[in-house]
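A.B. asks: My questions all concern the structure below.
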Amino acid sequence: MVRCDRGLQMLLTTAGAFAAFSLMAIAIGTDYWLYSSAHICNGTNLTMDDGPPPRRARGDLTHSGLWRVCCIEGIYKGHCFRINHFPEDNDYDHDSSEYLLRIVRASSVFPILSTILLLLGGLCIGAGRIYSRKNNIVLSAGILFVAAGLSNIIGIIVYISSNTGDPSDKRDEDKKNHYNYGWSFYFGALSFIVAETVGVLAVNIYIEKNKELRFKTKREFLKASSSSPYSRMPSYRYRRRRSRSSSRSTEASPSRDASPVGLKITGAIPMGELSMYTLSREPLKVTTAASYSPDQDAGFLQMHDFFQQDLKEGFHVSMLNRRTTPV
């Protein structure tokens with residue numbers, strides 16, 4: 001299921017990268033960013049006898065892009081002219097913000113930069129599909145698409161804020177009216193949305209791959225540590241159990257101080273049982289220095305003397321029985 005979701009995300013990322021680059025390339029290559037009215041299309045149709053055109057007369061309809069303006073009406077219908085962002089009859093202050101906006105608008109640096117970044121991001125997406133084990137390629141693609149979207153939106157804001165969307169020679173009272181944005185402008189805005197979506201998807205794919213790689217590495221490490229030959233050694237097991245049973249050993253230590261008064265031994269004890277008893281008590285001496293107690297050793301010595309006395313008495317009784325028994 002995870003692989004299916006990742007494959008779908010990768011497919012959407014590839015399709016989105018192609019769509020974002022195509023939309024931006026079409027937007028900067030076409031001349032339909034703005035529809036406006038301009039006098040440039042009918043300015044030469046007037047003679048000296050007719051006089052200048054009326055001040056309130058609207059110009060002919062034009063459509064313009066980032067670099068050209070084309071006439072839809074007038075005697076220059078179907079002709080396109082290069083946009084002059086700095087007319088000679090206007091005196092501009094070179095330190096003003098309007099002049100800087102006109103420079104940025106004339107250069108169109110942000111839309112061009114966005115297109116270049118989209119192209120590089122698309123190449124990284126393609127390389128990421130070929131070299132699927134290298135996650136850094138997908139991360140680089142996501143960063144490039146996010147940067148391309150930011151550059152695109154900055155270019156759109158500059159285009160609107162510069163108030164030069166109408167590149168005609170309109171008068172100051174007509175610049176605020178009679179224009180609307182065309183489909184090339186909306187293609188550029190849609191390219192921004194698609195580019196940011198692709199960038200988020202690419203970063204998400206990188207994060208999921210990185211998480212899966214970490215989980216796989218951790219699982220292999222645990223598997224290798226469990227199959228290590230050191231884990232099968234008795235001393236290694238003893239050290240692992242010793243840390244877990246430290247609290248239990250402290251609770252069980254008082255039971256070793258049992259008094260030999262309560263022990264009742266009937267009859268003689270064979271030598272085999274005596275050796276088993278003595279051997280079974282030997283491991284109890286293997287304790288840490290923290291569990292050492294003088295009372296415990298004294299009790300053990302009393303127990304040992306008690307066993308020897310009973311052994312002698314039992315052996316003496318058995319010899320008497322043998323002597324008094326009739327043959």
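The backbone N, Cα and C atoms fix where each Cβ goes, glycine too.
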A.B. asks: So, Ile75 and Asn135, same side of the membrane or not, per Swiss-Prot?
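C.D. replies: Checking Swiss-Prot: the two residues are separated by the membrane.
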A.B. asks: Swiss-Prot tags one of Ser259, Ser293 as phosphoserine; which one?
C.D. replies: Ser259
A.B. asks: Would you mind listing the long-range same-chain contacts of the transmembrane segment (10-30), meaning Cβ under 8 Å and 6+ residues beyond its ends?
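C.D. replies: Same-chain contacts beyond the flanks: 65-66, 108, 111-112, 114-115, 118-119, 121-122, 125-126, 128-129, 141, 145, 148, 152, 184-185, 187-188, 190-191, 194-195, 197-198, 201-202, 205.
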